[in-house]
Amino acid sequence: MYVVSTKQMLNNAQRGGYAVPAFNIHNLETMQVVVETAANLHAPVIIAGTPGTFTYAGTENLLALVSAMAKQYHHPLAIHLDHHTKFDDIAQKVRSGVRSVMIDASHLPFAQNISRVKEVVDFCHRFDVSVEAELGQLGGQEDDVQVNEADVFYTNPAQAREFAEATGIDSLAVAIGTAHGMYASAPALDFSRLENIRQWVNLPLVLHGASGLSTKDIQQTIKLGICKINVATELKNAFSQALKNYLTEHPEATDPRDYLQSAKSAMRDVVSKVIADCGCEGRA
């Protein structure tokens, strides 16, 4: 089977001391870049999409593309629901064939977060679907959701254990100082908090908001228990800037098969770097 859940991927990463990158895609071209690069580097990767991406491209279309590309390259792939919030939406996509879910109820009070997440876990585990949830809240913008700095809060290590045990999740997304989007200056990550969380929780840990982080910071988080690294904005920026540059230099260009090549190449460089930073080359 080529379309897999993330559970085994992340458990392997936890045992092996590396991380699996989750790349947010938006269309055929961005998916091609991720899958082709991962296959060439024999690296495990997760194809992630926000609710907006699934609405834009279509759930059935994305599933068909992932399945076809996984078979074409003989490369197992996971397609993952990133930052999904609605149970009915998640259930519909799981029944369509998605096998990895992030239920994001991090904006809710602790007890309500547990209740919402457990409902999703109980449903998804019936279908052998892995579930990620977040404790703490990152700043920045993801899809149409904007979290202001005043609403940001970090993961409490002791609460993290209670949360994991009460919900039955397969992986835990933590808030240690990253944010969605690109950084104006290097963020100060709370490594001691991450180390403490690792001591309280034995699940694979997930880092959101990794676009623009230094190689050193990414690799330090992996040493302290991060097994999944999420990258979105950095991919979009590379793709769109290269496309703008090409069309500025070639205003006569009309064939997308030509003018999208530079955008794909720029994005491929980012994907290759993230795979190297995660230490997962040759691990598929």
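Heads up, the Cβ atoms here are built off N, Cα and C, so glycines get one too.
Per Swiss-Prot, the feature active site, proton donor maps to D82. Under the three-state DSSP scheme, D82 (active site, proton donor) falls in the strand class. Long-range Cβ proximity for D82 (active site, proton donor), meaning a same-chain Cβ under 8 A and a gap of 6 or more residues, is found for A22, N24, A48, G49, T50, M102, N230, A232.
If you look up Swiss-Prot, you'll see H83, H180, H208 marked as Zn(2+) binding site, on the strength of sequence analysis.
What Swiss-Prot lists as dihydroxyacetone phosphate binding site is G181, G209, A210, S211, N230, V231, A232, T233, and the listing cites sequence analysis. In three-state terms derived from DSSP, T233 (dihydroxyacetone phosphate binding site) belongs to a helical segment.
It is T233, among the binding-site residues S211, N230, T233, whose Cβ has the fewest other Cβ atoms within 10 Å in the structure shown. Comparing local CB density within 10 A for the binding-site residues H83, H208, the maximum falls on H208.
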